[in-house]
Amino acid sequence: MPSVCLLLLLFLAVGGALGNRPFRAFVVTDTTLTHLAVHRVTGEVFVGAVNRVFKLAPNLTELRAHVTGPVEDNARCYPPPSMRVCAHRLAPVDNINKLLLIDYAARRLVACGSIWQGICQFLRLDDLFKLGEPHHRKEHYLSGAQEPDSMAGVIVEQGQGPSKLFVGTAVDGKSEYFPTLSSRKLISDEDSADMFSLVYQDEFVSSQIKIPSDTLSLYPAFDIYYIYGFVSASFVYFLTLQLDTQQTLLDTAGEKFFTSKIVRMCAGDSEFYSYVEFPIGCSWRGVEYRLVQSAHLAKPGLLLAQALGVPADEDVLFTIFSQGQKNRASPPRQTILCLFTLSNINAHIRRRIQSCYRGEGTLALPWLLNKELPCINTPMQINGNFCGLVLNQPLGGLHVIEGLPLLADSTDGMASVAAYTYRQHSVVFIGTRSGSLKKVRVDGFQDAHLYETVPVVDGSPILRDLLFSPDHRHIYLLSEKQVSQLPVETCEQYQSCAACLGSGDPHCGWCVLRHRCCREGACLGASAPHGFAEELSKCVQVRVRPNNVSVTSPGVQLTVTLHNVPDLSAGVSCAFEAAAENEAVLLPSGELLCPSPSLQELRALTRGHGATRTVRLQLLSKETGVRFAGADFVFYNCSVLQSCMSCVGSPYPCHWCKYRHTCTSRPHECSFQEGRVHSPEGCPEILPSGDLLIPVGVMQPLTLRAKNLPQPQSGQKNYECVVRVQGRQQRVPAVRFNSSSVQCQNASYSYEGDEHGDTELDFSVVWDGDFPIDKPPSFRALLYKCWAQRPSCGLCLKADPRFNCGWCISEHRCQLRTHCPAPKTNWMHLSQKGTRCSHPRITQIHPLVGPKEGGTRVTIVGENLGLLSREVGLRVAGVRCNSIPAEYISAERIVCEMEESLVPSPPPGPVELCVGDCSADFRTQSEQVYSFVTPTFDQVSPSRGPASGGTRLTISGSSLDAGSRVTVTVRDSECQFVRRDAKAIVCISPLSTLGPSQAPITLAIDRANISSPGLIYTYTQDPTVTRLEPTWSIINGSTAITVSGTHLLTVQEPRVRAKYRGIETTNTCQVINDTAMLCKAPGIFLGRPQPRAQGEHPDEFGFLLDHVQTARSLNRSSFTYYPDPSFEPLGPSGVLDVKPGSHVVLKGKNLIPAAAGSSRLNYTVLIGGQPCSLTVSDTQLLCDSPSQTGRQPVMVLVGGLEFWLGTLHISAERALTLPAMMGLAAGGGLLLLAITAVLVAYKRKTQDADRTLKRLQLQMDNLESRVALECKEAFAELQTDINELTNHMDEVQIPFLDYRTYAVRVLFPGIEAHPVLKELDTPPNVEKALRLFGQLLHSRAFVLTFIHTLEAQSSFSMRDRGTVASLTMVALQSRLDYATGLLKQLLADLIEKNLESKNHPKLLLRRTESVAEKMLTNWFTFLLHKFLKECAGEPLFLLYCAIKQQMEKGPIDAITGEARYSLSEDKLIRQQIDYKTLTLHCVCPENEGSAQVPVKVLNCDSITQAKDKLLDTVYKGIPYSQRPKAEDMDLEWRQGRMTRIILQDEDVTTKIECDWKRLNSLAHYQVTDGSLVALVPKQVSAYNMANSFTFTRSLSRYESLLRTASSPDSLRSRAPMITPDQETGTKLWHLVKNHDHADHREGDRGSKMVSEIYLTRLLATKGTLQKFVDDLFETVFSTAHRGSALPLAIKYMFDFLDEQADQRQISDPDVRHTWKSNCLPLRFWVNVIKNPQFVFDIHKNSITDACLSVVAQTFMDSCSTSEHRLGKDSPSNKLLYAKDIPNYKSWVERYYRDIAKMASISDQDMDAYLVEQSRLHASDFSVLSALNELYFYVTKYRQEILTALDRDASCRKHKLRQKLEQIISLVSSDS
């Protein structure tokens, strides 16, 4: 059965509390999950989905999948098409599972879907076999509604009788067809006609409730949505959501309100007389929550039951509500968890029934016609089990039953709930719309504790079905694509007792002696006293006395007191972190004695940790071997404290040695008794005395008050003052006068620059060279310059008085008194009485005009404007202006307020200012003049606006910019000021307190009040919006909306607004007339990649109509946003060739939104700037190409979006002239004659070749028939071996390399430890540069320029091209979609270059001469890994195994690598070798006591060859890298208990003849059949040691020759096992001597003709391996093989090559065939076939390599389109497969045809696939390392790259050169 899901028993990493703990998940990719059911006994999980039902094991392993759809159907067909021919067109329709119930009595699953009007299937629980699917009667159709969560059902078992199904469902307006609630029979026979029939039905009553059609005619949208159903006692309950008909208006377009209700019926009531429904809800902090989302029935824990005052076996209902009553489909995220007791609900219902039967009120069921029918007084006794009568029913509740709020949430959106009781606690689990699981402990209605939140599925909502496993140890969560199994507790995540017991998880307790958080049942010793803690106060408490020790005091005995510990008589050890453990002494009192660490351990513990090191003293239980408790312990180190105050102020007993300037814990260490200080009062210290102020350049001493200053002793240096400023240090000798005073000697100090008037410096007093005296924290030393930043007298005198700066009049400079000549008369200081600065100057005044009434605040700026505001006198234009002290800035700025001018028409004038008296030196006036004006206004525009205000008014007049303050008043309200100039004031009109009316306007400019009689502003009725058309847009917005309303002309700047997920957007509107305006819809920010197809609804949608609040959010709006349209480019290259006037088809998606109504998107298509007429469909636009020719750009405009699709190449057909036609005819005739002559000559030549070919072919046929029997026997034997291998493979699997190793071996052949495999360790600036370089690589223009520039360099070698290609692909692996676009562009450029250079098109991609070709190889490497593992890897591995086993059946020369059996002539032994097969019994190296392993070897095998065969057999199925190597093992021949002989290739028994030394073989040692051997670790013999130097030297000489770039495998892969030692004159040989030796030359080996006997061996080997070669070729050249589909990458790349050929008008099929062959088989498959070690963890020897090369060559020949002419010079491998290649060629051609016929892959689908591939392997390589390697080429070709970036227009536009230069600069800064 085809799998429809991707089953991931994923170890999905969960964030949050789960950390990295895994949980299981079942994930689907091609369907949507809807419902979940868990078997209450077996724990099996059943999942309902769209078109599927799954059965899963409890661990979520898929057991069965049952297909339920799609089905041919039409929603309008009733009865469904399965019963009667339907008049409506049928189409495949998805079957959405809406109900999934387990019928335990009948051992079956009830699965109800949406097709055929809602039929159900009965599925056998064991295997989901369909037992029945009733669909013949109307009772079988439950409802055709499509919503998956609108139905709920309950099965009620009835003992001996059939079970009943109570089912509630939404009916989607079809109440005449479906009851909304019914009770139906569940017959044991699924084919029974009574299945699903109503439990009771006669002509008057039945077991059903229907929504009256009159209700639907009034409220077409009315429906009842069933959320949850359950049984309690003898009642059946349903929680529902239904339209609130009392709040919802009859207008269908109006806003809809919903209410939640609980429905109750008696389970045994077949007439539904007991139907009662009550509104329910919850309130919290005054906010109502009325939209029920989910519910769960449970028992309360004992603590909750006690808090509620109900029995512990009472049923309670945990319920989730969303806030408000709107947006049922997309409810608000503000949600609440509430609790109802069933007893309370039943009490409300009982009281309601009793009141109705007393005749009080009406039936009050709003959606029934008889809702206003009065209750009939019927005296009778009504108790809690009353099930109704024929009267007073159905009944509705009058008041809302309020739940108890437990937990509110406003972010995640709670969506589902489940609960159960654990011990005394109620534990509630909540799924959220953000994809997380919340865990809540509820111990009371005011005691709900959210103790854990676990992310499960990022961004995907958890659906309603939240279920427990039968043992309540796991919980199953359902989302649209995933079922997740999470443990109900994750106690082990808590690492301490406090974290464990403080988490709030009731499942968790602390297992004391095992120091772990777990359930009590998982704790060994939990039953012992204090063995298991469940309360925080019961955690182990540890107290240590003393709790600190000096680092100089080792081995102190510590007393440890323990509380809350179990019996410790088994013993306890103490340990200080890494220090050694010491056994503790257990005292009778229960206390422990532990020694502190030794001196050596203390040094290790405290080194580098400063003054204190807090270490954990840990106690280890000898009973459990676990460290179960501990306490912090402090080791203090006084010696690191460098000052007296820090030393004696330490909390530890530290003492300061004054004369040694050291801190110690040992007071006796001080040299002098009087030098010891043990309290802060005795410390030498500079006393606080204010800031130390030092003028620059003044030679002066500095005296400081101090205390306890030590007197330097003999040999100690005196005091010094050390000053550090601006990085410079100045040391000044100082004198200690006594213990309380010190003076720095005469010195001057300075700092550079005048940017600052003062600067703080680092000042300290030291003695004896470097012993600083402590300073108080508040001590500051300031160095200052009087003249810096104080250029005027006023600024000088307002300097800090402490600086004692004054103004030197003669010098015009701010200086100290001592620096000013004649200071008594020439130096001014603020302390001097009457000091004032002369020559004030005004530089600016503002404003320059004002009303004569005064009140204008004039700001005057200048210098020397007085030192106090009271000493400044001002007149402005002759009028007094009063200074405002609060705004005065000494000497710099004065703000004054004008008095009224009493002159009728006052003239303008300057500002006059006096400082003190008005003598000439202290008086000034401004150059600017101030003028008096009379402001007036005479017009307001607009003259009318809405009563809510918000209109932008422009009041026009003259001199309106006068004064400093302006107030506009409309009637009695202030108009909000915006701006003004001389001719106009702009303000925003206020709200009219009188509503629509006329209002006067007045102005107040400072103290001038201005009015304009007769000028009136009219407040009108507020505008309203009554209708929108259309009520939808696209995500981008900017589509036209026609708005109907009233009074729209009064709106000045209307805008339309939308608010979505908290983000508000707006767009413009244009008013057309008073009742209509045209708007452009605002776009919304989606926040996720794809919008829903059914559209997105904004949280708010409305209009900004000035300040009209009622239009901001239209309550009745159902505005919808649909996905934006998107278009495909015109072609891969963006150019499409068409004829003039032909149709142009533009393909796209979402071109017609799925919106109701006739409105459509308005598309404009511009071709060459000219619009064309359009025809629009769902997926394409059709327009006519214009009449112009040439290249015309194509652009599509829609809704503010612009799509540039490419270029149309419009080419007209031109008729040929008569001379041209005659010339063509003549030329054609000549050409025909030339072709005829060539063909005649060619025919003669080919006839000779054909005769030679036929002769050779005949020889081959004869030889092949002669060896057919041998081939058959050899194949049968090999097939037996391979069958054994494949059987073993089923157990151990093929040794595939991991993705990372595989990719590195292909991308960087021969480099196993490439830098990209490890993270780069680099300085921060280089790392930053590389990250910027990585960003630059995401610029297509840069990468293309970069690569093309490198390729243009003559020194850029082939190896460099491959390296750059590989590094680029690694660097871009996280963006494979982008890398693919780059690759396509590079390939397109390569094709263009190939054609321009007149090269034959078939040469394209043949060799790796460009970066693009290697990138293509790497691209396939990345994307075909999965195909290799799942499909092609197996036949390739079997071929490798077959070759290896077949080769090893015959002799193989260890020196030359030649073999008896070979596909390669070059590796064929040309002599007769006598050999016998031996079976050795090998002792397993790792377990000599296990069974011996029989191994077949040849007696002519060298010892190393024998070891390899033994290792292959003993470690069968083990990857090569994980098993021992032959060179690391010795072969030991055991001839008895005592006789053991080490066999070696060379030893003292080795035979030497002349100068030839023969390798030892098994025959040399006379090893017999059945011998016992063993592989033992290598032993170095004297002989080996003597020869190791010679052998190593010889090996190193051959290594460079034998290692090739095609294989990253070790030297053993390519080289013979033993290398001849020619330097010593002795030549090694094994089976045959080297062919180059004169005495043994067999003839001319250069000849390609093979003698008959050797060709026979080649043919025999070829025939034996034929099936394995065929299997591999068939797999590779099949579009669907072994259940695997064709990889997307192959189809996508082949289509790209076809498109390139189409664009370049290459119609030759051979060229296209060759391109594809060069692209995939040549570039990828040949590489993999020749080097299987790229894919598998194997060892490839030289003979296997040679045979694989023959297979790879055959593979290449099969892909070629040219005919292979065989002759006497043809290679043997071409002769070998001459008969097979035509067949293989047909496979290749069929393969290419099949791919071409397949549906194209869209760029979007390919991008999605590539993004997923990037995600899967995002962390496999170090991108930073790849960028670092790639940057080498930037460095090497720096200038060329920068020049190329300058030349490229696109690079210049994006300033790519500057960006690269920035990177180069960053890197260079580190060098």
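For all residues, glycine too, the Cβ spot is worked out from N, Cα and C.
Feature annotation from Swiss-Prot assigns domain 'Sema' to 20-488; the stated evidence is sequence analysis. The N-linked glycosylation site feature in Swiss-Prot is assigned to N59, N548, N637, N738, N746, N1009, N1036, N1073, N1115, N1162; the stated evidence is sequence analysis. Positions annotated as disulfide bond by Swiss-Prot: C77-C86, C112-C120, C266-C387, C282-C338, C356-C375, C491-C508, C497-C539, C500-C517, C511-C523, C574-C594. For 935-1020, the entry in Swiss-Prot reads domain 'IPT/TIG 2'. Look at Swiss-Prot and you will find 1125-1211 tagged as domain 'IPT/TIG 4'. What Swiss-Prot lists as transmembrane segment is 1221-1241. Sequence annotations record features per position, and here Swiss-Prot assigns topological domain 'Cytoplasmic' to 1242-1871 based on sequence analysis.
Listed disulfide-bonded residues: C491, C517, C539, C594; maximum Cβ neighbour count within 10 Å falls on C517. Per Cα geometry, C387 is the residue among the disulfide-bonded residues C282, C356, C387 nearest to C77 (disulfide bond). Secondary structure by DSSP for the domain 'IPT/TIG 2' (935-1020): 0 helix, 56 strand, 30 coil.
Of C120, C282, N1162, all annotated as recorded positions, the residue with the shortest Cα distance to N738 (N-linked glycosylation site) is C282. In this structure the alpha carbons, written CA, of C86 (disulfide bond) and C491 (disulfide bond) are 60 Å apart. On the backbone, the CA of N1162 (N-linked glycosylation site) and the CA of N746 (N-linked glycosylation site) stand 89 Å apart. The residues of the domain 'IPT/TIG 4' (1125-1211), classed with DSSP into helix (H, G, I), strand (E, B) and coil, number 0 helix, 46 strand, 41 coil. According to its DSSP assignment, C497 (disulfide bond) is helical. Cβ neighbour count for N548 (N-linked glycosylation site): 17 (other Cβ atoms within 10 Å of its Cβ, all protein chains included). Each of the disulfide-bonded residues C120, C375, C387, C574 was scored by the other Cβ atoms within 10 Å of its Cβ; the lowest score goes to C387.
Note: the Cα of C500 (disulfide bond) and the Cα of C508 (disulfide bond) are spaced 7 Å from each other. The two recorded residues C491 (disulfide bond) and C517 (disulfide bond) have their Cα atoms spaced 5 Å from each other. DSSP assigns C375 (disulfide bond) to coil, not to a helix or a strand. Neighbour density around each Cβ, counted as other Cβ atoms within 10 Å, peaks among the glycosylation sites N746, N1009, N1036, N1073, N1162 at N1036.
Comparing the Cα of C574 (disulfide bond) with the Cα of every entry in C387, C497, C523, N1036, these being the recorded positions, the smallest distance points to C497. Taking Cβ-Cβ distances under 8 Å and a sequence separation of 6 or more, the neighbours of C282 (disulfide bond) in its chain are E288, Y289, T319, F321, I336, C338, E402, G403, L404, P405.
A distance of 38 Å separates the Cα atom of N1009 (N-linked glycosylation site) from that of N1073 (N-linked glycosylation site). Proximity of C508 (disulfide bond) to non-local residues of its own chain (separation of 6 or more, Cβ distance below 8 Å) is seen for E489, C491, Y494, C500, L501, C517, C518, R519, given in sequence order.
For N637 (N-linked glycosylation site), the nearest neighbour among the listed recorded positions (C112, C497, N548, C594), judged by C-alpha distance, is N548. It is 13 Å from the Cα atom of N548 (N-linked glycosylation site) to that of C594 (disulfide bond).
Put simply, of the recorded positions N59, C120, C356, C539, N1036, the one whose Cα is nearest the Cα of C266 (disulfide bond) is C356. Taking the C-alpha positions, the distance from C497 (disulfide bond) to C112 (disulfide bond) comes to 50 Å.
Here the CA atom of C511 (disulfide bond) lies 10 Å from the CA atom of C539 (disulfide bond).
Its Cβ placed at the centre, C497 (disulfide bond) has 24 other Cβ atoms within 10 Å. Here the domain 'Sema' (20-488) has a mean pLDDT of 88 out of 100.
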